[in-house]
Every structure is written in C-alpha cells, then in structure tokens.
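Asks: Before I ask anything, let me first share the structure, which is written out below as structure tokens.
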C-alpha cells in the first residue's frame, strides 16, 4: 500500500485555568510547565514528558494549529485521523473538543471540531481553485458525518430523529463489524451527506444537544456518555504525474496533464472522541442513575486503559489486546494500534484537591505514548495499482538515464556497477574540494604574514623615531596605519598585475586564434572581408579543433590501454598538482599551439604524426627498461590529458567568441543601416537646399549671413552637446571603473561574511554539541541519583515491611502461646467441687452470654486441635501429591513416623515451590501495604483540603466583616486590628495546611514510583515459570489463604453483630431502669417539692416528657454493669451479676420510700438527700460516703444524656478476654450465703506517656491542645442528686515524718478534677464532668454547682474584687455571679466575642470540637488588681478588660499552644505576664499603662525545656517552670537568666507548682501523684509524699491550707508540718467515713440472697425491701 509506515500516538496535555470557586476555596496550583520543553511537573519534582504541553494561558487556536491542523491536511492525502480528549470530570474535555453548544461561544473559544470543520471545507475550496488555475480537472469531494453516543455500554445514534430520547436503556440495533483489512465500521447508523460548513456545524450542534448530560457535585454540566463524532471524506482527483515522466517520456511541461487523464479515489475518516470524565463517586456525590452512569463510564475507561497498556507494553509480552472488552475500545480499534494518526489530549486540573485525578490522568496518558499505529493511505485498488506502476516506470527511466550518461555499466560477468568515469569524477571533485581548502588556508596564512610584516615594519619605524627623539604614540599609530595600507595596496597591485598579465595573454591567444575578428570592426565592409566569409572561417576553425580533440582522445585511449589504470590515476593527480605550479610554461605551449592552429593546419597535422611516431618509437625503445617504460607512459598520458584539457578550453573559447561575433555582427549591421539612412537624409537635405538656392531670384548678402549665423549657432550647440556627451562618457568610464572596484570589494566583504558565518555555524554547532553533552551528563547523573533514591526508598520500604512482618509474627506467636497455655490449663484435673460447678449450666442465659460461651468453647476446642490437624492435613496432601503412600496410623489416629525414600527431585521441588509461594506472598503483602498507605494518604489529603476550605470560608467571612466595619465605623481601629490579626492567624494556618498537602502529594508520588517498581517485577514471570505440580501447590496455598481471610472476616462480622446486640440490650435495659427510677421518684416527690423540682430539672435536661416515652439513651453505669453481667461465665458471678443492677437501684429507692419520714425542718435539698446516706439491708449497714458505694448510688439516680458516648473505663472493662473469664472460672470462688465483701475499686490508672515526638505534638492542631490532655470522650449526666461534702481525716499514727499532713478531703465530682481556686472561706473546683462546684470551707459543704459547660472545665478563677467566678470549658469562658443565685451573666469566646447570658445553655451533650473560628482555651489568669483577664487560647494570650468586658489586645510570639501562664505586678504597678507553651519556651511580657493591639515578648528565657511547659509559679523576682520533661527550672526575673535547674525533679510530668503559705518553700506535684517540697533559696528538696494514687492536676493555696486536685475525683486539704527534715516519701491513706474505721479493714459487706434462678425486675407494686 502507498504511504505505509509506523507512527506513535502523540499525546498533548492541557492544563485548564483554575475556576473561580477553586480560587475562593484557596486551592493551590500543583502543576508547572518547564519553559521551552514539553514537560509538566506535578508536585515538587515528579516530571512527565509528552509531545505537546499547554499551560493555563493557552488559547484554543494554539491547541488546534499545533495538534490537529496537520491531521486535517493528512485527510486530504487519504490518512485516517483520531483526536481523543481524556481527563477527569470538569477538566475541560468538552470545551476543548467544542461539542458543548449549550451556551453561546465566541470565535476565539471555539473548540477543535468547529475549527476542523472550517479547515476541512476551506481546504476543499482551495484545492478546487488551485486546479482551476492550472487548467486541470478539479477534484471531487464527498463529505458525510456520523455522531454516536456510548451510554451505559449501549451505542446510540444522535442523528436518529425517530429515537425516543427517554428510551436510553433499550438495546439499539447498531452493530460493529470488521472488514478484510482490519478496518472497523458500523451498521444501522445514520450517515448524513454534507454539502457545506454550516450544514455540518448544524448537525454537530443537533447531536451535541441530544447528548446525555447531568449535574454532579464536581460539574454543573457533566457528560454522562462517551461521544464519537466521525467525518468521512471521499476524494476523486487526477493522478499526480511524476516530473521525470513529464520531462523524459511525455515531453510535457511540469504540471500539465497528459492526454490520457487518470483518476484516483482517496477515502479518510476523522474520529473526534469526547470521552466522559473519570469519576469518583464520593467526589461527584452521584447516587441512583448517576451512580450507574459513573460506573459504566469508569468500566469503559478501564477497558480503554487495558488496551493502552497492552499496546504500549515495551516487553511485548502481551499477545492479546482486549478490544472486545468494551464497545468503546471496539469502536476505537482503528485509532489505537491500527490505521490512524492519533493524538490524545489529556485535560487535567491544576488544583491540588484534584491531585490524585491529575496524577492518574498523566500516568494514563504517559502509557499511550508507547502505542504505534500502522498508517496507510486509503486508496481504491485501481489507483493503488496505477501508482505502483507509475513509480516502477519512474525508477526504470532513472536507471536508463544513468546507463546513457555512463554512470552505470555492465561488467563482464553481467553485474551492474558504476563506471570508472563516475568514480574518477567523484575523486576529482573530492580533490578539488581539498585544494580549495588548501587555497583558503594559504590565503589565511598570507594575511597573517602580511599583518606580521606590517607590525614589524611599524615597530622598526617606531624604533627609528625613538632613536631620533621624535617618538609619539599618535605618530606610531599613524605610521602603522600607513604601512598597513601600503602593504594592502601592494598586495592588490600584485593581484592586479597578475590579472592584467593573464588577460593580456588571453587577448593575445584570442587575437592569434581569430585573425578574422579584426574584420568585424564597426568601420563596415570597406575595411575587411564579407561577414559570410568570416563566419565560414570561424566555423572551419571550430570544426578542425574538434577533429584535433577527437584525435587526441583516441590517442589517450591507446595510451591508457598500454598503461595500468591505477598508476594512471595517481600520475594524473600528481601532474595536475604540478600543472597548477607551472602556469607560464603551459601558457607558452598554448600560444604555440594556437599559432599552429591558426597558421597552417597541414604543418600541424604533420607535427602530430611526427609526435605520434616519436612517441611510438620512444615506447618501443623503452621496452627494454620496465621502469623507464612505465615513467614514459605516465608522462605521455599526463601530457595527453593536459593537451586534451587545453584543447577543450580552446574550443569553448572559440565557441564563445563565435557567439560574441554574432552579437557584434548584428550590432554593426544595425549601426551601418542607421548611418546609411543618415547619409541618405543628409543628401536629400543638401539637394533640397541647392534647389532652393537655385530657385531664389533675389539672393542678398543679408540672408546669406543670416543662414550662416544659424548654421554656426547650430554647430556651436552641437559642439556643446558633444562636449557634454564626452564628459558624460568620461564620467561613465570612471563609474564603470569604480563599479568594478566596488564589486571586487563587495565580493571580498561577502566572502569574509560567508567565512564568518561558517565560523559562527561551526561555533554554534560546537556549543550545541557541548550543551548536548553536558545535558546528557546531567541527565545521567540525575538518573543515577533518582535510581539511588528509588533504591533507598525500596530498601526503607522493605525494612518497614520486615518490621511489620516481625510484629505480626510476634503477635501471632503471643496469641499461640496464650492459646497453648489456655489449653494446658484446660487439661489440668479439677476438683469435684469445681467439676460440679462446671457441670451446672444456668437455665436462662441471655443470648449474648450463650454466643460468648459457645464461641469460647469452640475456640478452645479448635485451638487444641488446630495445629496438629492442619499439620496432618498438610502432610497428607503433600504425600498424596508426591505419590508417597501414607503408612498406617497408631495410637488413636496419630500417624506413625514414615520412612521416606531419599528423593532429591521431590525435595528440590518442594523447596522451589515454597520459595515461589513465599515470593508471591511477600509481593501480595507489599502491594496491600502500599495501597493501604496510599489510601490513608489520600484520606489525609482530603481531610486537609476540607479543613482548608473551612478556613478559607472563615477568612472570607472575616474579610467581609472587616470591610463592613471599615465602611460603617472607620475609626474603630481596635476592632479592625483584631480582625486583621485573626485573618493573619488563619492565613498562617492555611499555609501550614498547604505545606502538609504538598508533603502528602510528594509522598504519594514517591509511593507511586515505588508502585511502578513493584509492578515492574511482574508476578506473571513467577507464575509462568511454574510447573504443573508447582502451580497446583500455589493454587492450594491461595485457596487456604482465601479461606483464612474469609474466616477472619466472618469472625469480625460475628463480633460486630454481637456487640450490636449487646448495645441494643443495654439500651433497652437503661431505658427501663430510667423509667422505673423516674416513676419511683415521682411517687416520692408528691410530698417533697425539692425532689419534684429536681425531677423536673432532670426531665428538662434529658428530654423525658413522660414515663411512656421510649428512650434510646443509656447511662454509663448501666452500660458497664450490663457488660459485666454478660461478660462473666462464672456461676458465682452470674448469680450475683445475673440479677440486674436495676434491682439494687430499685432497692435503694424503695428503702428510701419505706424508711422514716424526713425531718420537716430540713428544707435544703442537700440535707434532704443526705438522708440517703445510711441505707441498711439484711442487718448490715454501709455508708454511701464511701466513694465506691456512693458512686454506685449516684449512678442509680443519674440519667443519661442524649448523644452520650461510651466512657473509656467502661470500654476497657467490657473488653474482657475469654482467658480472663477462664481464670475466674477455674479458681472457682466459693458461694457465701451470708455475706459478700466488696473491696473499693482501684484508682484509675495513670495515663501512659505519649510516645510521639514532642516536635510532632507542636505541629498538631492547636485547638486540640489542652492542659494535661484534659479531654475525654466520655460524658456524664448533668444531674447530680448527691451534693459534695468535705470530710475531715484523722491523722494516722507514725505520720510525723511527712512534710505535709492531709486534714480533709472534698468529694462530690464524678469525674477527674482538673482545676481549682481557693480563698480563705471558699473553694472552687472544675472537673471533667462538665461542672464546677463551690465549697464552703467553714461548714465543709458544697454551696452550689455551676453546670452547663460544653466540655471539661480546665480552668477556674475567682475575683475577690468583683465577686465573679470565671470558668473555662472548650473555647468559652463563662462569667458567673455567685451573689445572685450563681447564674451565668456573660459568655466570652476565644475569638473575642461577648455573649450576654449563657451561650451554652442549649448544649446538653459534650461538645468534642470547638466552633468554627474558635480555639481551645487552655488556661486563664487574673491580674492582681482584678481589672484584667489573661486567656491562653491557641498560640496567643488574649487580654480582656473586665470593667467593660472587651478584648483590648493579644500577646503573641509562641509557635505552639500556650499551656500555662501567671501574672504578677512590677514595682511600678504594671502587669508582668509569664507564659509557657508546647514549643518548650517560657516568655515574659511586660505591659505598660496603655495595652492595645498585638504585643510581643519582652524576653525569651533560654535555654528552653526539652518538652512542653505545664506550670509556672512566681515569688518575688524568682520564677519556677515545670515541664513535661520531668524537670523544674529556676529563673531570675531581674537578670532574666537561668539560676538553677533540676532535670528529673519528678518521675513523671510536673503538673502543678505552688508555694507553702507564709514560707519560702515550693510545692510541686506530678502526674504520678507525688508532692514534693523544695527550699526556694537553694532549691533543695525538703520532703516528698504520695498525695494521690492518680495524677495530680492542680494545686493552690490560701493563707492556711494547701489544696490538691486529682484524677481520683477528690480534693485534699493539707497542712504543712514544720520542723521536719527531708525524709523518704510515704503513702497517705485516705480514711473514709465520718467515724473512720481501721484503714486496713475492708468496707462493710453487702449481703444479697442467693437465688437458684435468675432474678427479673418485679412489678412496681412489689418493689419492697426490708431494712434490718
């Protein structure tokens, strides 16, 4: 076929501009284009190279002219073409292709298809017009179009007007077929014949509007189908005749058509493919029909990607190309790997939120570059045959011409070859070029020598002048210029003389050869012979010269036969070189030969004969001497060659002279005729004058004089004209002379310019080569660096994989060890009592317990036989597989030891198969881990992008607020400045998020490169190298692995269902308990208004309207208790815990109902509830003041909160392993019928230290930071029935060595206490239970509870000047007025807003996150005067003026969140603020009289701590700082320097610092619960005491006591014991109860009746308990 060839699919990348929405949301551009190179960079350093790359500012016209214009021109030559637009949804594919006609577009915004249509019809008109101008038959064109839509894998015809647009899901009748040549065509498709551009545009618009589009979250008008617009072009034109045929065969001029006109038919089709965008359902938000469309689109694109991967496989491993997997790939089979010129335009988005889609699109397009198409011209068979024959004729004609010209010859053996003349000509041309180079080099050497001579002569002249004493630089320069000019003139003079001599000799030769040329003078025929005679003579001379030349050629042939050919070539070259040096002798010989030719021809003939005979004689004489013979031959041959050349030159000159003679002849004849006419006119004038003179009758003297004067005047005028003409002639001669000189100079300058250009070209070429070499070296180095980086990443990845594998193995080993130990315990013999207890089975166990027990037993049994059975099964399979017969089993089914024969082949087989399976397993693990990593990184990037969008919206709102404030009150500088600061903070956060997004993108790119490396090691190599037996073994392993994974999934699902069932059951139990409690309290509340008010508050807070309402919430206590009940498998535990906890709670309530009436004089609800303190049952009493029982009772009356979550303690308690249950089961606790002792629960365990790097904590979100991590996922009830009380504690004997003595303990909070503040009369505490309590230190009672906080209360302060209490929770500061029933009067926010009243009153559940634009407040401090409030929020401290409740400034300078601060006053009554942050630094801020705006730190204390700062304390000029690095530092505020530091002051975080009242002693408390006393002066320890079993969160003092708040929900009051020496720490035992018993005795037990059947809650009327 004509024009066959391979061409690769070209790929262009277009980066669309950012949308306004993306700019508003703060999306950054993650792509960049290398200037001048078709390369696009994604992220930081991931580069992709394509054929074309178009950046953001590229116009439609540029894309079309660069990519598609050549394809349209190719269609006119019969080549198919395809343009594909690929990319994600909203990347600009439809806009680029130009199929979106839903809006009016300008001409500049027209896409590829409208421009291609215009180009097509413009080309048709141009070709018709060109043919008309040449006068040949114009081509005929036929254009047709089709428009197909692939919707949900169904082909729809968009030109079919009869199709129902709503019936898209019906099957269409369009079929795809393949012709004999592999071309794809469709049947059942409407094909419209097109006659004009407007008609085709209208068809395109009609089809585009019929295309399926819909709206998604990513694009308002999203294409929901693939569209293929096809243009078919059929062209019939006159066959183009080759130039060789026109000139040599037909004899017609080029371009003229021959008489027999032949036509050829060309066809072409052009596909314009607008693919639908690749989608992610979670980004498009598609559901229902849109989701199905997206799935279909992605399936088609996946099939297209598989085809591209198969075609672009460089290793050529893929034999089958899956074209039939999708109708899309079937339709595009021509375009991908077939007969088509294809270009793919990949449209991508530059925004970083589309990073993954952009990366996938670029990788997709990069694979398409490797596809090679086989492009041929689509001709009919007749035209193809004619073209082939015409090409054959042209080739034969060219070969014939070469034979005629002597270029080709036929050897004796019949082989073709080139003639000697052709080879000689080529050799001479090469030699001529070498001589030219030599002449050029010599000329340069001459110029250099001339410059050197000039320089030397000038130096000589300068020396002479210097000796004469007249030396001067100007004179020397002038002399040098003169000498240079003299040398140049001398050189030109020599050249002119040589040229003059050459011309003179040429003229003498011409005059000697052509004596008749003198007769052709302008004098006319009178001075020579006739012109005809001279012409005949010249012709005769030429004829004779040609004869002479033929004779010499024959002589040379004879000589050549006698001399070897090789030596002749060498001698001729040598003689020609010598000939150039002996010019004078040759010229003399030429003159003699010319004279001989022009003088006497007969004598010349005789001389020639004599020369021939002489040469023959010399040849005969030289036969005796071979060397002389050879030399003579070569000399004669060279002479003949030179003579032939001279004769040839003479003949050429004669012919030229002949032509010049003819020209002169014509000129002289014309001039002669002109002169003859002039003579004739003069004679006529003379005759006329004579006639007039004769006829004159009266001739007077006067008239004669007049005539004479006229003639003289005319003569003078003619003489004057003659002089002018002569002057003009001289001027003309001078100009001609100057012109020749100018021409010589011009030629010389042109030659110099040409040489300079050549030198420039050589230098440019050298520079380009050097640059290319440097680029190659740099590319190689970069490739090596990238390879090393990849190797490093691969090794790191392998290390991580090995570490993970090791951890997994350790976990599996630990689990197996536990199973083995459990099985061993099961195998131990049991006592009869235990065995009997095991035999007992509870009659009605709940479903959860049954499932748990069955699961446990099945796990135990399966664990006992899992290892051995798997090993036996595996051995049997291997034995059966290898052909070994198993031996008999002995000892109850245990296989006996087999005697295997030694078979090296089987051993090697098993080892090779095992190695292959291990390699495949490692590969699978690597792929899974890598994909998990990529998915996690994508999730992180999406989360960061969403966070950035939120911050941008907030920033935009603040900007609008600032603009509004500027417009309304421009003088409000304070508010504007605060808004500007907040905007700056948001901008900093956005920059940090952008950096994090960039890091995620870089990591994803690195992982993708590693993924490509893993993909390169294809598992098909391992699988293809397997034998049949190995393949079976691998298949068996895969089957086992899949079964194991399925089993794990089923177990996880069963666990989830079990937990869901427990959750529902707990929900129902809690609901019923709450209803019963409310009903019981309502009955009791009829006589007690206080209880009625409490019940009303509880219902209002928790949303209970009536007892009939179904409640889905559940309490913390019921959740943990029900889990405990279900988790126990012991019979004892079941008998105790099988009775629902509701019964105990109902017993408590009923006992209260049946007890003695309350004292009527007691009106306080606290006193009324205090009657519930003593509850007796079965003759045994217990005190609710005991924290354990009090906690149980408090849970009884606590009601759930909506939206509550499971507490950590309950989650930890419920997750009891079967092993733990088995331990309790095996121990077999005895049943006690009379009493059952309880031990108080241990304190909550201390929090484990965060193992993260401290610097990573600094960069964490500031809103998540809080002092001592005071955040809890759990929630508690807002309603507390019991009020707190301060219980005095008697000092234990032998406690005299402790520096502190605990005197009282305050209890009342249900969660850890995080903060406290105290005066001499009042104590304020804040807890994780979202409440604050106010205590009366005089009476030891709780005064009020300040509730309604959104989260943990992390800081509380009391202002004695104003009587206000400030409490901090989340991002809010509540201001309480305790003088007026303790109500919240204002709410301050971290952003500086002031809200009247309680802004959190509607918050019934725990708020885990802060509001938008707010930050977590970690601590606050009051100024000593009480007029300023300093609030640490984020990495700044906001200053509030309490007189107006307005923010007036900010303290900035920290990088991390500010965790603590303290305030003191300087000598000039100015506030001095010291802050500590997570960035390890302590900063000091000294404030002046006017505090406004942003204030920077006065001093940064160096060196910093090794971790975050937790607490600060100031006494005088001494500052103490405690840190998470377990150390305390002592600073001097005056000198602003470090005095002393103790690195390990505690074994855990230093959480609180304070001073002993009235003494120079420092108190420090840590997270381990220890309190240390230090001497302030020398910073030495005085004593240590174990203050709490849980972390101590805060410490404060008043004038008498020391208060410590701990996570054990208690506040202890301490007194300092004076006069003690440093001692070892001792444990402080908290004695519970008003009448404290012995500390070592357990609390009074609670006895419950043992029932042989499960206890269910009785009806309400039967809720009776007897108190004994």
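Glycine too: its Cβ is placed from the backbone N, Cα and C atoms.
Swiss-Prot lists these features:
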- 8-371: domain 'Kinesin motor' (DOMAIN)
- 87, 88, 89, 90, 91, 92, 93, 94: ATP binding site (BINDING)
- 372-465: coiled coil (COILED)
- 553-629: region 'Disordered' (REGION)
- 579-628: compositional bias 'Acidic residues' (COMPBIAS)
- 580: phosphoserine (MOD_RES)
- 583: phosphothreonine (MOD_RES)
- 837-866: region 'Disordered' (REGION)
- 924-1019: coiled coil (COILED)
- 1150: phosphoserine (MOD_RES)
- 1168: phosphoserine (MOD_RES)
- 1199-1253: region 'Disordered' (REGION)
- 1199-1219: compositional bias 'Polar residues' (COMPBIAS)
- 1217: phosphoserine (MOD_RES)
- 1239: phosphothreonine (MOD_RES)
- 1243: phosphoserine (MOD_RES)
- 1308-1345: repeat 'WD 1' (REPEAT)
- 1348-1386: repeat 'WD 2' (REPEAT)
- 1412-1450: repeat 'WD 3' (REPEAT)
- 1453-1495: repeat 'WD 4' (REPEAT)
- 1504-1541: repeat 'WD 5' (REPEAT)
- 1545-1584: repeat 'WD 6' (REPEAT)
- 1587-1624: repeat 'WD 7' (REPEAT)
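Distances, neighbours, how buried they are, the whole picture for these features please.
Replies: Secondary structure from DSSP puts residue 88 (ATP binding site) in a beta strand.
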Asks: Is it possible to get the count of other C-beta atoms within 10 angstroms of the C-beta of residue 89 (ATP binding site)?
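Replies: 25, counting other Cβ atoms within 10 Å of residue 89 (ATP binding site).
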Asks: Rank the binding-site residues 87, 90, 92 by the number of other Cβ atoms within 10 Å of each Cβ and report the first-ranked residue.
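Replies: Result of the Cβ crowding comparison: 87.
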Asks: Based on Cβ atoms within 10 Å, give me the single least packed residue among the binding-site residues 88, 94.
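Replies: Ranked by other Cβ atoms within 10 Å, the binding-site residues 88, 94 bottom out at 88.
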Asks: Against which stretches of its own chain does the repeat 'WD 2' (1348-1386) lie, if we need a Cβ under 8 Å and a gap of at least six residues from its ends?
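Replies: That would be 1263, 1266-1267, 1270-1272, 1278, 1314-1317, 1319, 1322, 1324-1328, 1330-1332, 1334, 1394-1401, 1403, 1406-1408, 1410-1411, 1414-1422, 1425-1426, 1429, 1431, 1433, 1442, 1445.
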Asks: For the repeat 'WD 1' (1308-1345), which partner among 1412-1450, 1453-1495, 1504-1541, 1587-1624 gives the most CB pairs under 8 Å?
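Replies: It is 1587-1624 that shares the most Cβ pairs under 8 Å with the repeat 'WD 1' (1308-1345).
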Asks: What parts of the chain pack near the repeat 'WD 5' (1504-1541), using Cβ distances under 8 Å and only residues at least 6 beyond its ends?
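Replies: For the repeat 'WD 5' (1504-1541), the sequence-distant neighbours (Cβ-Cβ under 8 Å, at least 6 residues beyond its ends) are 1254, 1257-1258, 1267-1268, 1456, 1459-1462, 1464, 1472, 1474-1482, 1484, 1547-1555, 1560, 1562, 1564, 1566, 1574, 1576, 1579.
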Asks: My understanding is the cutoff is Cβ-Cβ under 8 Å with a sequence separation of 6 or more in the same chain; which residues meet that for residue 93 (ATP binding site)?
Replies: 85, 86, 87, 223, 274, 275, 277, 345, 347
Asks: I need to check the long-range neighbours of the repeat 'WD 3' (1412-1450): which residues 6 or more away from its ends have a CB within less than 8 Å of a CB in the stretch?
Replies: 950, 954, 958, 974, 978, 981-982, 985, 1262-1267, 1354-1355, 1357, 1359-1362, 1364, 1366, 1368, 1370-1373, 1375, 1386, 1388-1392, 1394, 1456-1465, 1471, 1473, 1475, 1477, 1479, 1485, 1491-1495
Asks: Along the repeat 'WD 1' (1308-1345), what average pLDDT does this model show?
Replies: 92
Asks: Using a Cβ cut-off under 8 Å and a sequence separation of 6 or more, which residues in the same chain sit near residue 91 (ATP binding site)?
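Replies: Listed in sequence order, they are 16, 277, 347, 348, 349, 357, 361.
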